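As recorded in Swiss-Prot, the features of this protein are as follows:
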type	residues	note
TOPO_DOM	1-20	topological domain 'Cytoplasmic'
TRANSMEM	21-41	transmembrane segment
TOPO_DOM	42-109	topological domain 'Extracellular'
TRANSMEM	110-130	transmembrane segment
TOPO_DOM	131-140	topological domain 'Cytoplasmic'
TRANSMEM	141-157	transmembrane segment
TRANSMEM	160-180	transmembrane segment
TOPO_DOM	181-196	topological domain 'Cytoplasmic'
TRANSMEM	197-217	transmembrane segment
TOPO_DOM	218-331	topological domain 'Extracellular'
COMPBIAS	250-266	compositional bias 'Low complexity'
TRANSMEM	332-352	transmembrane segment
TOPO_DOM	353-373	topological domain 'Cytoplasmic'
TRANSMEM	374-394	transmembrane segment
TOPO_DOM	395-414	topological domain 'Extracellular'
TRANSMEM	415-435	transmembrane segment
TOPO_DOM	436-441	topological domain 'Cytoplasmic'
TRANSMEM	442-462	transmembrane segment
TRANSMEM	464-484	transmembrane segment
TOPO_DOM	485-498	topological domain 'Cytoplasmic'
TRANSMEM	499-519	transmembrane segment
TOPO_DOM	520-942	topological domain 'Extracellular'
REPEAT	543-576	repeat 'TPR 1'
REPEAT	642-675	repeat 'TPR 4'
REPEAT	710-742	repeat 'TPR 6'
REPEAT	777-810	repeat 'TPR 8'
REPEAT	811-844	repeat 'TPR 9'
REPEAT	883-916	repeat 'TPR 11'
Amino acid sequence: MLVTRGDRGGGERAPSRRPRCGLVPAGAAALLAGASCLCYGRSLRGEFVHDDVWAIVNNPDVRPGTPLRWAIFANDFWGKGLADSTSHKSYRPLCVLSFRLNIFLTGMNPFYFHAVNVILHCLVTLVLMYTCDKTVFKNRGLAFVTALLFAVHPVHTEAVAGIVGRADVLACLLFLLAFLSYQRSLDQGCAGQCFPTTASPFFLLLSLFLGTCAMLVKETGITVFGVCLVYDLFSPSHKQDKLSNGAVCQHSSGQPGSPQPSSQQAHPHRESRKQRFPHKDSWGGCHSPLPPEPKSSGFPMSPRAMWSLMRCLTGSTNRNFLLTLRPFLKRAILVISYVTVILYFRLWIMGGTMPLFSEQDNPASFSPYILTRFLTYSYLLAFNVWLLLAPITLCYDWQVGSIPLVETIWDVRNLATILLAVVMALLSLHCVAAFKRLEHKEVLAGLLFLVFPFIPASNLFFRVGFVVAERVLYMPSMGYCILFVHGLSKLCAGLSRCGATSLMASTVLLLLLFSWKTVKQNEIWLSRESLFRSGVQTLPHNAKVHYNYANFLKDQGRNKEAIYHYRTALKLYPRHASALNNLGTLTKDMAEAKMYYQKALQLHPQHNRALFNLGNLLKSQEKTEEAIMLLKESIKYGPDFADAYSSLASLLAEQERFKEAEDIYQAGIKNCPDSSDLHNNYAVFLVDSGFPEKAVAHYQQAIQLSPSHHVAVVNLGRLYRSLGENSKAEEWYRRALKVARTAEVLSPLGALYYNTGRHKEALEVYREAVSLQPSQRELRLALAQVLAVMGQTKEAEKITSHIVSEEPRCLECYRLLSAIHSKQEHHGKALEAIEKALQLKPKDPKVISELFFTKGNQLREQNLLDKAFESYEAAVTLDPDQAQAWMNMGGIRHIQGSYVSARAYYERALKLVPDSKLLKENLAKLDRLERRLQEVRERDQT
């Protein structure tokens with residue numbers, strides 16, 4: 001720990017005696033980078049959690065496979081159009097582009113997303129040290145401690161470990177670079193100017209560019225312009241000359257009213273070589289001699305400083321003051337004009353509207369009482385400062401009951417607000433009193449870096465969508481770190497050596513505690529489960545964290561636990577419409593589910609998902625018209641909700657209202673062009689409607705939008721199979737296996753192999769499918785069927801018999817057993833299996849017809865021809881198009897010598913299958929027999 005310690009007498013240090021830190025810049029940078037990596041190294045193992053899912057995984061502007069479109073500059077951070085009424089209006093296109101670059105270079109691997117965040121945090125830490133060294137402390141040791149405190153502070157965990165926190169981290173980096181560029185643009189060598197001229201327009205323009213980039217990464221980046229201007233105003237870079245009778249400021253030659261330079265200002269260029277950044281001067285030097293300044297009186301503003309300020313702002317010398325202020329005014333006019341333009345652009349691209357938030361997001365802003373809003377907003381400022389001072393309780397979400405409203409002036413929490421107000425007032429007075437002394441710029445810089453970046457989150461100018469958000473403290477924490485280290489150095493200077501050593505040891509301990517806390521917080525951000533569970537443990541009175549944890553549990557299929565946390569959320573916040581809606585989806589009792597949906601709609605009549613769920617429930621109850629109305633309402637209030645379009649269109653198609661279904665699908669694709677599910681469902685509809693060519697295009701679009709959409713890939717394979725393009729079908733099935741090697745994908749591939757005679761490959765595929773889902777009856781039955789065809793009848797019989805023991809009413813099992821026994825020439829067992837199948841009394845006449853036909857075959861094999869004929873007769877009675885049964889009946893009559901009857905049956909079968917060679921051969925045989933009989937009769941007659 002390197003803290004400089006001034007002379008205890010409080011004397012002013014000479015510029016030439018600037019203390020230096022023993023650390024070389026490279027060593028300090030290595031230590032800071034190492035500390036940052038040690039604290040956040042564990043976050044590299046994290047997955048996409050919380051807002052990452054919506055900003056990256058589900059964001060159409062970020063998703064891999066989607067083309068890079070100009071719409072990225074018209075959409076918000078989550079991929080919605082900024083003009084959309086449901087948009088959060090968070091315009092961060094450069095941050096979104098950084099996500100796209102991540103995906104382009106390394107794919108959707110979260111490791112590299114986290115790695116970029118950690119690297120950016122390291123860079124911010126290093127640039128902060130450089131900034132503090134060159135413009136704030138002019139002391140490398142203090143700058144190092146400031147940056148080290150910033151590097152390990154636990155409140156940064158959300159910004160660094162959460163991938164969407166990149167907006168804050170990258171904006172902070174650009175914020176610092178813009179500030180440094182602004183300082184670099186000032187003339188550091190104008191020895192007598194109260195306000196330096198703009199020496200480098202390039203760096204001034206670069207500052208504007210970097211500040212704009214910071215704003216396009218996150219909105220708070222725009223506050224750098226305010227920091228630059230106020231810092232420029234209150235820390236002028238002229239060189240102060242302290243004379244016994246006052247101070248004189250040198251103006252440029254030829255300027256009216258310019259005093260002559262004093263003897264102490266004879267070597268301005270020598271001084272300018274010593275310091276690149278602002279030099280020491282005062283506004284007091286711009287005027288006539290001032291009264292001698294007495295020794296420090298303990299009052300924050302000395303009489304000399306106050307006299308200087310009064311003379312600057314009033315009196316007969318205002319003309320000279322304005323002349324000295326001219327360089328600053330030029331810069332200020334440029335910056336303010338530029339900020340006005342980009343703010344106008346920002347409002348224009350939002351459609352001139354502000355985001356709409358709910359009471360859950362920011363309860364205080366919905367209070368009807370001005371006093372409640374004022375007291376709560378004020379207390380939240382103190383609460384945020386407390387998070388910086390003592391980051392003990394940290395949580396990813398502070399909404400809905402985390403911080404109760406401050407509704408009365410007698411609330412004890414107002415003491416924290418008053419204390420903060422007093423401290424900020426004293427610090428502000430200190431800045432005003434010491435604005436003419438270089439050694440007191442630390443407090444000014446600390447306050448500016450603390451206050452300005454927090455203004456957009458303060459509810460001062462507009463309502464924000466959160467109560468407290470730890471990641472928005474990433475930028476303001478720079479100011480806190482500067483003030484903390486400055487106060488530490490002042491304390492150290494006023495203590496004895498022993499006291500200073502104890503203070504430094506305490507600081508080291510604090511840094512170690514902060515580091516440990518940061519490492520532990522990183523573990524929380526590793527997965528959705530650990531994050532959401534930590535919220536419940538940290539803020540059990542927060543309804544939102546219970547709701548989020550319940551959502552996670554529902555996704556994991558842990559429904560009982562999910563129901564418990566949904567109900568807990570409702571106890572804490574009974575007006576939580578989404579919790580009621582989700583609770584309804586988990587309830588098995590349809591009446592209870594309907595009650596939950598209706599309650600949700602009473603609280604929020606435009607809740608599109610509750611409308612959707614209630615509509616589907618009524619659809620299942622065959623209340624078609626009510627369901628259609630609710631689904632249309634769901635689309636009305638959620639035009640980007642793709643599931644509602646699919647559900648409504650499928651319902652209309654079931655009602656044979658195909659034109660309306662087509663229109664709904666078209667509207668859905670127009671409003672949700674990036675929904676792969678919607679394209680897939682529309683393709684299924686087109687196949688059923690007889691437009692397979694159009695369906696191919698939508699299947700391919702679904703796959704392009706989501707290459708991992710294995711359902712669309714399999715459906716496309718099935719479509720090609722139905723079109724007879726088996727090679728293409730096999731290609732798509734194999735592609736689906738690369739995405740998801742599941743039984744659902746293996747099954748159609750096995751069927752393709754079986755139906756094309758590739759039985760060995762079919763057997764391998766079905767064996768793998770059964771190993772993945774051994775309990776699925778259809779797969780085991782298909783495997784048994786392949787085994788039977790390949791002659792492995794014993795194994796086939798074993799599998800089929802096992803299925804029958806589990807499901808005695810398995811009709812297909814009995815049919816397969818009959819085929820297996822027939823192949824084994826156990827016709828009695830085959831007949832017995834068919835009899836059992838007939839006893840199940842299937843409803844489909846064609847199925848019964850096939851069973852009678854099979855029974856007839858087994859009877860015929862046992863030479864029970866009359867009974868076989870009866871079975872065939874029963875088959876054709878149920879299904880007159882059963883050509884094989886007609887032919888077999890003809891064959892029996894043929895064998896029995898009833899040739900006339902046989903011919904009738906053969907001819908009936910031939911009408912059904914006119915190209916049957918077997919029938920023609922049988923008829924030819926019958927003709928020959930009849931001719932022989934005729935010849936025999938003729939010979940007998942002769």
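Cβ coordinates are placed from backbone N, Cα and C, and glycine is handled just like the others.
Counted over residue pairs separated by six or more positions, the transmembrane segment (141-157) shares fewer than 3 Cβ pairs under 8 angstroms with the transmembrane segment (332-352), which leaves the two as not touching. Look at the repeat 'TPR 1' (543-576): DSSP puts its residues at 27 helix, 0 strand, 7 coil. Mean pLDDT across the repeat 'TPR 8' (777-810) comes to 92 in this model. Away from its own ends, the transmembrane segment (442-462) comes close to residues 135-137, 175, 219-220, 223-224, 226-227, 230-231, 234-235, 354, 362, 364-365, 373, 377, 380-381, 384, 424, 427-428, 430-431, 434-435, 469, 472-473, 475-476, 478-480, 482-483, 486 of its chain (Cβ-Cβ under 8 Å, at least six residues beyond either end). Per-stretch counts of Cβ pairs under 8 Å to the transmembrane segment (499-519) identify 21-41 as the leading one among 21-41, 197-217, 464-484. Each residue of the repeat 'TPR 4' (642-675) gets a DSSP state, and the totals for helix, strand and coil are 27 helix, 0 strand, 7 coil. Cβ atoms under 8 Å from those of the transmembrane segment (21-41) belong to residues 2, 117-118, 121-122, 125-126, 129, 139-141, 143-144, 147-148, 151-152, 157, 160-161, 515, 518-519, 522 of the same chain, restricted to positions at least 6 beyond its ends.
Outside the topological domain 'Cytoplasmic' (353-373) by six or more residues, the chain places 83, 85-90, 380, 399-401, 405-409, 459, 462-467, 543-544, 573, 575-576 with a CB less than 8 A from a CB of the stretch.
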